[in-house]
Amino acid sequence: MSASEAGVTEQVKKLSVKDSSNDAVKPNKKENKKSKQQSLYLDPEPTFIEERIEMFDRLQKEYNDKVASMPRVPLKIVLKDGAVKEATSWETTPMDIAKGISKSLADRLCISKVNGQLWDLDRPFEGEANEEIKLELLDFESDEGKKVFWHSSAHVLGESCECHLGAHICLGPPTDDGFFYEMAVRDSMKDISESPERTVSQADFPGLEGVAKNVIKQKQKFERLVMSKEDLLKMFHYSKYKTYLVQTKVPDGGATTVYRCGKLIDLCVGPHIPHTGRIKAFKLLKNSSCYFLGDATNDSLQRVYGISFPDKKLMDAHLKFLAEASMRDHRKIGKEQELFLFNEMSPGSCFWLPHGTRIYNTLVDLLRTEYRKRGYEEVITPNMYNSKLWETSGHWANYKENMFTFEVEKETFGLKPMNCPGHCLMFKSRERSYRELPWRVADFGVIHRNEFSGALSGLTRVRRFQQDDAHIFCTHDQIESEIENIFNFLQYIYGVFGFEFKMELSTRPEKYVGKIETWDAAESKLESALKKWGGNWEINAGDGAFYGPKIDIMISDALRRWHQCATIQLDFQLPNRFELEFKSKDQDSESYERPVMIHRAILGSVERMTAILTEHFAGKWPFWLSPRQVLVVPVGVKYQGYAEDVRNKLHDAGFYADVDLTGNTLQKKVRNGQMLKYNFIFIVGEQEMNEKSVNIRNRDVMEQQGKNATVSVEEVLKQLRNLKDEKRGDNVLA
């Protein structure tokens, strides 16, 4: 043994001690914690991080020097309650105003609005001397406050992805229920074009959340800076994604903003919360893959979703909500109840199994029954049309990428993504008179839309679906009354399901077609109809379709989630494009007018509505809609014949009934029926066979299981018929 080896051996002996020894080496907790923190960050960190910071600091100093030279003038800040506060331009901020009101208010704020524009709380006011500036202060309870809070949380995630994974981040917006960030992650980020893609998985979440925790603890300020296109291209030279966005979104000679928090500097219009310390609870939820800008011809990216709150109690409540939503997931229930399935041989196209088809047909029958009462005529139209039709309608120029197209005999055809052009052809097929209007035409035709495979999700995002689609051709004078009729229709259908709903009137957007006078008149009619209706509605300014104003209807489910299903749209352009006309009431027999076209759907997509209803009812279908209404269970082999007789009577009366003739125990049969959510289980034995009766177990009255009195078959048929016809949701026989 060499001298050096002997020395090493001796050192090892000194370190070898028994567990019971008081001299045992104790772990250094501080060192371990430091080591753990260091392992969260790449070493060395990506070079672009320091390059960005150096450039940002230099440009920010130039900007601050410029602001320092700006003249200070007095401003009048008008709060929402009418109170007026004094301020100084380029010095006073919305946060200063909030602190002057109360510290508790300032501490809970997310963002402000200055003259209707979202504005960073720490950004000074700008304006002319003595100018009145309207100020709104928004906290997390407001929709806009939530969006800003989650947008800022996305930046925290972006910083984590850069520092922990070396990712090239792309887009990181807020969503209706949280936020996400898209990114490219490779095995080697030095040559992103050559390195293989690295998948982000939930195994990466602890590390990402660890960095996020540090970012939040450091209370990193969100700093805004306006940069020229030239400087932006220099700052983001390392990222082909950011470079593309700058080149395509920022005009030559133009400028836009970036925001910094800690080591992250990102292309962003903002605004943001004051600092990351406002985030008290942060959690990553799921991951998926996507394409850059949603285009399948672009690079495949990784997407990580998260949620955050300004209060840990809100996070606890949200996670509880997610657990409940998971139990109600229509994909889970659809599999358990054998309602539908999907197969890779036809992505995004639902295979409706027998029990799911029962639900589907019941929904369609509900609409058909109402159509007869409300003066609608049902039609059937082709599934594919020559591209010339789509050129006439305008869809070829604006919607072609969302269509499935193909060649037939050297002509280009497309599967229809909507029914309206076909209905226009029907209207134009012969001369029409004012006496025929309003003409209400309904269509359950199959529609195809070319959704990206990564966006497909159960019944809520599909490629093939059917709508309860209808179009009303009417005169301008009939618009208001037709809208009122649709409101009544909505109220009835949603009342059957037990949905609460609200409406939004979306008015003329910046880019529109047609005359302003026509728009104003149409919006006035819609607003008048909404006021007469008297329900919950608000104006969504500037969000109308380019061809006409619209009303969007949102329904609230059992989990208080809002879904947009129904829509009412006024269309002045398709009648023009198809040159639709009707003989007017004018005495001049050669006088013709253009009809107005109202696009209308109540369920929307039948597929999506089925998903919403599945989760709303948690698979416990109301009797009239249930695919499994009654299960007949004999207590023994001797009573199987009678059980089959009862089942046949139920079937002949139009009910969905089954009989369990398996060799399982009575308890097992009942349990199986309960798992499949049969509304009623009829137990039959000696007494029931002799009395021609059944013993009823109600799915929704668990405390009475096994204690129910027997009811004659004739009486129960009558009670079931009433329950079905009344479309009640209480599942109670009377």
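Placement of Cβ uses the backbone N, Cα and C atoms for every residue, glycine included.
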### Message
By the record in Swiss-Prot, which of SER160, SER228, SER349, SER605 is the one labelled phosphoserine?
### Response
SER605
### Task
Write down the residue from THR243, THR392, THR460, THR518 that Swiss-Prot flags as phosphothreonine.
THR460
### Task
From THR92, THR297, THR369, THR662, name the one Swiss-Prot lists as phosphothreonine.
THR297
### Record-annotated phosphoserine (source Swiss-Prot) among candidates SER326, SER457, SER556, SER712
SER457
### Query
If you count Cβ atoms within 10 Å of the Cβ of SER605 (phosphoserine), leaving out that atom itself, what do you get?
21
### Query
What is the interatomic distance between the Cα atoms of THR460 (phosphothreonine) and SER453 (phosphoserine), given in whole Å?
13
### Query
Which of the listed modified residues (SER289, THR297, THR381, SER453, THR460) has the least company, meaning the fewest other Cβ atoms within 10 Å of its Cβ?
THR297
### Message
Within its own chain, what residues at least 6 apart in sequence put their Cβ under 8 Å from the Cβ of SER457 (phosphoserine), listed in sequence order?
### Response
none
### Task
Sort the modified residues SER289, THR297, SER453, SER605 by C-alpha distance from THR381 (phosphothreonine) and give me just the closest.
SER605
#### Entry: Counts by DSSP class (helix H/G/I, strand E/B, coil) across the domain 'TGS' (69-135)
14 helix, 25 strand, 28 coil
